[in-house]
Amino acid sequence: MGKRRTQSLIDSNSSDSDSESETNLESDLMSLAKKRKKPQTAAKSSSRSDSDSDWANNKAGAPSSKKKKRQKPSRDSSSSESNWDDDSQDERQPARQSPAQTQQEHKPPEQASQPAQLSEQEEGEVSDSDSDKSKSNSSSSGSDSSSSSSSSDSEFDDGFDDDLMGDDEDRRRLNGLSEKERETEIYKRIEQREIMRTRWEIERKLKLARRGEKNQEKSKNKGERAKKKKEKREKKARKAREAQAPLPTQASTSTLLDVEPKPSNEVRSASPLSTPALNRDAASTSAAVASIMPDDAASSAGVSDYFDHKERSKERKKNVEANKTDDKRSNAMALLKAKREGKAKREEEEAKRMAEKDRDDDKEELDSVSGCKSAVKLKASEIYSDDSGSSDWDEEEKPAGKRSRSNSSKASSESEDEEKAPQRPVFITTREDLNKLRLSRYKMERFVNLPIFESTVLNCFVRISIGNNGQKPVYRVAEIVGVVETGKIYSLGTTRTNRGLRLKHGTQERVFRLEFISNQEFTENEFNKWNEVCQQSHVQMPTIDLIAIKQNDIKKALNYEFKDEDVDKIVEEKNRFRNRPTNYAMKKTCLMKERDAAMLRGDYDIAQDLGQQIDELENRASELDKRRSHTLNLISYINDRNRKKNVEDAEKAILEEARANKGLKISDPFTRRITQPRMGFKGAKKDEDDMQLAPLPPPPPGKKRPNEAGTSSASVRSTDSKDYSLYSLHDFDIDLDVPLPVNTNSVPKPASKPAETVSKRSLNLEDYKKKRGLI
């Protein structure tokens, strides 16, 4: 049913549009083939001819079994040519009644004319138009497939929508999850989408690149195929002329022009699109024969009866196979011949160039000899050269011109040699010039950690200490010839290093540490000593040019910009030469972490080594702590001793004071006293003045005056202050005679206690001395 539907569709299309081209028919066939996938297992298992017949079968709508049955004799033709001819004649009658005949009857005039043209093509030939049609068909199918693939590749699809959800089942599953699980799943899908999108973009770019390469290859192959077709046509025409040349003209005309017309309704096993190539071949062969054969119709008719159709088909088949093999052989031979010719040409050119070079060298040698410039003899190779097509006069003029050119080139080369001749080196002869190459210890401290330290200090000079002569140090001028590492780590300024310099003094070389380099300049005696040693040892002195070079190196080292790698290297080197870590606690913590990690990994040896390092670090830290706290302990001991001594001295002073006072209370003017404020009035002061102005009554007999009594009372008071016994306290005299005032009329007012206006605490120095009895 499928085959009938296809045939009916083709017939309807052909009947509706008679002017439709063959390309539209092919596009319709391709669309039908895409809509209905037809199994092609039989076509895949068949040979190359079967695949071509299947394509023709799909186009004609005939069953593939009949095609296979019709093409079977053509496959057996390689074994026996006679059987192939008989079978082909026997199969012509069934082929005429095939469905292709009925289809051809309904085709437009353009398609119906094709079987008539097919009759002119002989069996066994493959036309160019057939291959072109098949290629166009494959290219159209390829373009369709590429367009479909490009359309599929133009959009990225991972099976989820914009909300990162799939079908309804996936939505229900996500809705059934908790919010946290849903967000986690969506986040995973986002990451997966990014990965897949990146991979898809990379694959798309690769596909586009492959398509571009394929298109370039196709365009190149098309050009090559067109070129090969052109060459084949030319070779066929040439071979046809060569093949027809030895034969009689009548025979050649009969073989080429005696073509029996075949019925138009016959469908050949080859493609019906091969007629244009046959027409082109026939035209070329007829044109080639037209120049050879005479225009005689009777002779051509007589020769045509001599050849049979079978003989002619066999000969044509042999010619086709011979053309194929000859093309390959001729191409291979042409390539091999071209390679050999190119190689021979290159060898010949190389030989010519070497010969010319030898001739020029010989001429220069002859010209350099005095008196031989006019007597230059030419070699036989120069006169009888194979590549010289000029006359004898040219050959005679050529050496003269060459001699003149060689002379001029020699003169120019001599002038250039004089200009390029190296100037005589100027050596250092003064101490000032040598001091420009000197490096001090301060600069060594700055350069020792630089990556360019060795290249900077090489060929420089230093003032090195070699020992003492009595109590005076001895220095020598030495040249730096190398940088080495010594076995001792020493301090150089603020850094520690183990580098040393290999120094040269005359012919002697020794290694010195950087700490022995002097900062002072060379003295005159040291310079003279070094100069004398160099002359005796035949050592070349440094040149003036070396000064500029080394000064540039030193300047570059002073302005060197450190990189991250340089800083890491310097830090590592300083840590290697440091006696102890900068932070014991951090170092111990790092070692403990490494030890725990090694224990978890099972590396017990490494853990044991790390434990030993931790113990050593703790021991070193404890030693440093003792050394640091030793001075602190001495100071604290001295402070404690002084404190105890002060306490003892204070106690002794207290005891002595107590022993001196003997329990007496001594008023100290500098101690605080309890005081009470009192109000003072002027009236009381006037009363005191009046009492002082009043005359005192005479003392009773046996009594002293008040002044005397005051002195005596003061003395008693002083003695009483010293003696506090009851007897002394009650041992005092009472004066019963009271003196009366002079003015009897005045009634004395009640005496009020005089107010002390001055505080007891306010004592001047004189009162204090009086109170102490110092005055």
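Glycine is treated like the rest: Cβ placed from N, Cα and C.
Swiss-Prot marks one residue of Ser53, Ser64, Ser119 with the annotation phosphoserine, and that residue is Ser53. Per Swiss-Prot, the residue from the list Ser113, Ser388, Ser746 bearing the note phosphoserine is Ser388. Residue-level annotations in Swiss-Prot identify, among Tyr187, Tyr306, Tyr384, Tyr560, Tyr384 as phosphotyrosine. Feature annotation from Swiss-Prot across Ser14, Ser178, Ser391, Ser715 places phosphoserine at Ser391. Swiss-Prot gives the label phosphoserine to one of Ser80, Ser154, Ser390, namely Ser390. Among Ser134, Ser406, Ser413, the residue that Swiss-Prot annotates as phosphoserine is Ser413. Residues in the compositional bias 'Acidic residues' (154-168) partition by DSSP class (helix H, G, I; strand E, B; coil) as 1 helix, 0 strand, 14 coil.
The coiled coil (604-665) scores a mean pLDDT of 85 in the predicted structure.
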